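Database features, via TrEMBL:
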type	residues	note
TRANSMEM	20-42	transmembrane segment
DOMAIN	21-437	domain 'Ammonium transporter AmtB-like'
TRANSMEM	54-77	transmembrane segment
TRANSMEM	123-144	transmembrane segment
TRANSMEM	156-179	transmembrane segment
TRANSMEM	185-206	transmembrane segment
TRANSMEM	218-238	transmembrane segment
TRANSMEM	244-268	transmembrane segment
TRANSMEM	280-299	transmembrane segment
TRANSMEM	305-326	transmembrane segment
TRANSMEM	338-360	transmembrane segment
TRANSMEM	390-415	transmembrane segment
Amino acid sequence: MAYTATSPAVPEWLNKGDNAWQLTAATFVGIQSMPGLVVLYGSIVKKKWAVNSAFMALYAYASSLLVWVLVGFRMAFGERLLPFWGKAGVALTQDYLVGRAKLSATARGSTPLVEPFYPEATLVMFQFEFAAITLILLAGSVLGRMNIKAWMAFTPLWLMLSYTVGAFSLWGGGFLYHWGVIDYSGGYVIHLSSGIAGFTAAYWVGPRLKSDRERFSPNNILLMIAGGGLLWMGWAGFNGGAPYAANITASVAVLNTNVSAATSLLTWTCLDVIFFGKPSVIGAVQGMMTGLVCITPGAGLVQTWAAVIIGVFAGSVPWFTMMILHKKSALLMKVDDTLAVFHTHAVAGLLGGILTGLLATPELMTMESSVLGPKGAFYGGGIKQVGKQLAGAAFVIAWNIVVTTLILLGIGLFVPLRMPDDQLMIGDDAAHGEEAYALWGDGEKFDATRHDVSRGAGGEREMGTAEQRLAGMGARGVTIQL
């Protein structure tokens, strides 16, 4: 019965293709966080912070889901309570989740109600993945020193009080949505928010130890690339799922996303070679990320040649702010933004919003937006649209600075925001009682009773301890370095 056209599980309004794509897109975005950013964070930091950094991402993902279905989703996409906020409510009941999806607050005046062709449960899950990854991106600013208990309290509060406001204002039918501010898939809602909130949090939490700030080498660059690769590939769901349908806009968005990312990566790498004489692998990953972030506000709204232009700006402007401006700014130098989330997400997200205000085409906007009017300045939108983009960004920036500050100051009354210096010297073992790698030669003794030594072809036991083996290697002229 479940596979027939007349099944209760297949109502007339259900489009199986849209539903399948939206669930797939949600899975892609989820893979960006789990395991993408978990792997990236666990490998891009110093070895002593690998477990803590990965766990911060893991915890944020799990805690966000419960907050989302209890109150968050309807605060971001439910009925209007305030011009920038929806009414809180649960997204847990059968009656609510199996009905056709609706963005209730999008119906206003001549603007029709947005109703995707799949159940509310699909929309709840897809939008959860966006909420979760925003928090995980924010975590990148405070890795290597934030008290894990403070982080556990921070994640649900920030999701409810900050993320839902940006999501409702720009996507759920809030005042910025109806005013015509363009944010196709989260350049402002996700990246500008996480970059500004992360920078603010880094200020209040305080810096890492001086030794960690001076030398914070990745513990595994190959795994870092793998995590970055999951982030890149998962962005097909990030931008491809934004139209809420498997339509033409989704196809354009996925192509533009990859073109921008590749262009930005190459631009960043070329700048590294020109100014520093060699390409940086970490720089290439950062360039890839800024390309993905910068195209996000207009991925399905600009032509592909424009995606190349956006990629060039994405690979050069954040490179300049990170490599040149950062070293000349007292504020940027003072605030310890561990993974430079301000540059890779806030700067790139704001840049993408401005470029979208210039390059969004009327034809693609008509396909995507139910709000009449918005189009890029190059297509007749004039400076007015760029002004709206800047005003929308200003609201997101101001809200995140104020709310993030209030949340952290409140938490700080009960729990220290920063781990004490003696624990920062130790890292993972002090925070969790666990370490990423427990290898012989890294502070552990080789115990022959726990590790069976091999036997020769004739059955005789070979050298019984690792020390003896290493001594033999040394005698044969092999250089040993631990």
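Cβ from N, Cα, C; glycine included.
What you are looking at is a predicted structure, and each value in this text was computed from that prediction instead of being measured.
The transmembrane segment (185-206) shares the most Cβ pairs under 8 Å with 338-360, out of the stretches 54-77, 156-179, 218-238, 280-299, 338-360. Per-residue confidence over the domain 'Ammonium transporter AmtB-like' (21-437) averages out at a pLDDT of 95. Counting Cβ pairs closer than 8 Å to the transmembrane segment (338-360), the top stretch among 123-144, 156-179, 218-238, 390-415 is 123-144.
Against the transmembrane segment (156-179), stretch 390-415 shows more Cβ pairs under 8 Å than any other of 20-42, 123-144, 218-238, 390-415.
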